[in-house]
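Record features, source TrEMBL:
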{"type": "DOMAIN", "residues": "1-142", "note": "domain 'Cytochrome oxidase subunit I profile'"}
{"type": "TRANSMEM", "residues": "43-61", "note": "transmembrane segment"}
{"type": "TRANSMEM", "residues": "73-92", "note": "transmembrane segment"}
{"type": "TRANSMEM", "residues": "104-127", "note": "transmembrane segment"}
Amino acid sequence: ILTVALALMTFDRLMGTSFFEVANGGMPMLWANFFWVWGHPEVYILVLPAFGIYSEIIPTFARKRLFGHQSMVWAICGIAFLSFIVWVHHFFTMGSGALVNSFFSISTMLIAVPTGVKIFNWLLTLYKGRISFESPMLFSLA
């Protein structure tokens, strides 16, 4: 998506097209939409592997099994799914209307639920564990 958006912007600059230029009938918000459709899921794509690493390090250095393994898997799936929906919250001020803003406000708040499940499971994994405060564990706790 970002590659297409950059190509369209290059066409605007070099070939005289008007995808994003208002003066020639273009839509500058189209660039913002292209960017956030790509950029917001990208944030979650980058953080999900870190969540997986934490889910390996914390049980290893707490010397306990990961609490709620199945709910962790479902939480990751929930975060991955919701990451493709929440990108519009960057446009609350662009005049989308109350119904659209309400939907994306709720979806933005909903993504906190699976994230909370993951944090809850990590904390319960640490609870009454024989925690070894070595570098990987300190990194995960930071």
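Sequential numbering from 1, following the chain as shown.
Just so you know, glycine gets a Cβ as well, placed from its N, Cα and C.
Note that TrEMBL annotation is computational and uncurated.
Remote same-chain residues near the transmembrane segment (104-127) are listed as 51, 54-55, 58-59, 62, 64-68, 71-72, 74-76, 78-79, 82-83, 85-86, 88-89, 92 (criterion: CB distance under 8 Å, separation of at least six residues from the stretch ends). Mean pLDDT across the domain 'Cytochrome oxidase subunit I profile' (1-142) comes to 90 in this model. DSSP assignment over the domain 'Cytochrome oxidase subunit I profile' (1-142) gives 106 helix, 0 strand, 36 coil.
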